[in-house]
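Engineer: What follows is a structure written as structure tokens; I'll ask about it next.
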Amino acid sequence: MLARPALNNTPLATPAPALSPVAPQSAAPESDAKKRARQPVPPAISPVIHPRWLRVTHWLNALAVVVMIMSGWRIYNAAPFFDFTFPNGITLGGWLGGALQWHFAGMWLLFFNGLLYLALNVATGRLWRKFLPVSPGGVVRDLLAALRGRLSHADPRRYNQVQRLAYLFVMADIAVLILSGLVLWKSVQFDLLRDLMGGYEAARRVHFFAMALLAGFVAVHLAMVALVPRSLLTMIRGK
């Protein structure tokens, strides 16, 4: 008789209940702080308005201009071609020879320092950023706004159209002063330049009127500094 196989008393595994699909939970809204943290940080604006090289060359140019104007008035007094002379108290040199020495010293300072100023402005791109573009319409608009007292000076980094034109003009005026001064200094050696200016006496008058325009620029410049004192502080401290 065949033996009956032993029954397995191990309970049969029950099938696992089917899992109901779980709806995906929406992500929590991102906080404003995290959003700001992920955003690219804009480059910081440098607090320096005028770099050191600009401040140094500016003050050296100012010194040279004052020396040359005051000594030039004394030189003019030695041989005036108009019916007036300048008061001795505002001239420099004391006599013709002394005035010429001061004038030559200021001349070399203005020439080399002005050349360095111009070269650095071109090399750094500041000449194009600060002084260009200039348009007649923009100059008229800013000039009218200035006369009405509505021209903003909130951002000293930006020159208005009138300032741009004035600075470009004074650069050209100093170039005329240098060229006419060369004729007065070395008339024989710079004979071509002398002839282009109409002769020695004509070069004297060109030099004089260019000086008068430069003195007028200095006067207006000082008046603007008095109206906006912050511009003086930025040229001293750089910011």
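Here the Cβ of each residue, glycine as well, is placed from N, Cα and C on the backbone.
Note that TrEMBL annotation is computational and uncurated.
Below are the features I grabbed from TrEMBL:
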type	residues	note
COMPBIAS	1-24	compositional bias 'Low complexity'
DOMAIN	50-238	domain 'Cytochrome b561 bacterial/Ni-hydrogenase'
REGION	1-42	region 'Disordered'
TRANSMEM	59-79	transmembrane segment
TRANSMEM	99-120	transmembrane segment
TRANSMEM	165-188	transmembrane segment
TRANSMEM	208-229	transmembrane segment
Engineer: Can at least 3 Cβ pairs under 8 A be found between the transmembrane segment (208-229) and the transmembrane segment (99-120), with each pair 6 or more apart in sequence?
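Structural biologist: Answer no, regions not in contact.
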Engineer: By Cβ distance under 8 Å, which residues at least 6 away from the ends of the transmembrane segment (99-120) in the same chain are close to it?
Structural biologist: 53-54, 57-58, 60-61, 63-65, 67-68, 70-72, 74-75, 78, 91-93, 126-127, 171, 174, 178, 181, 185
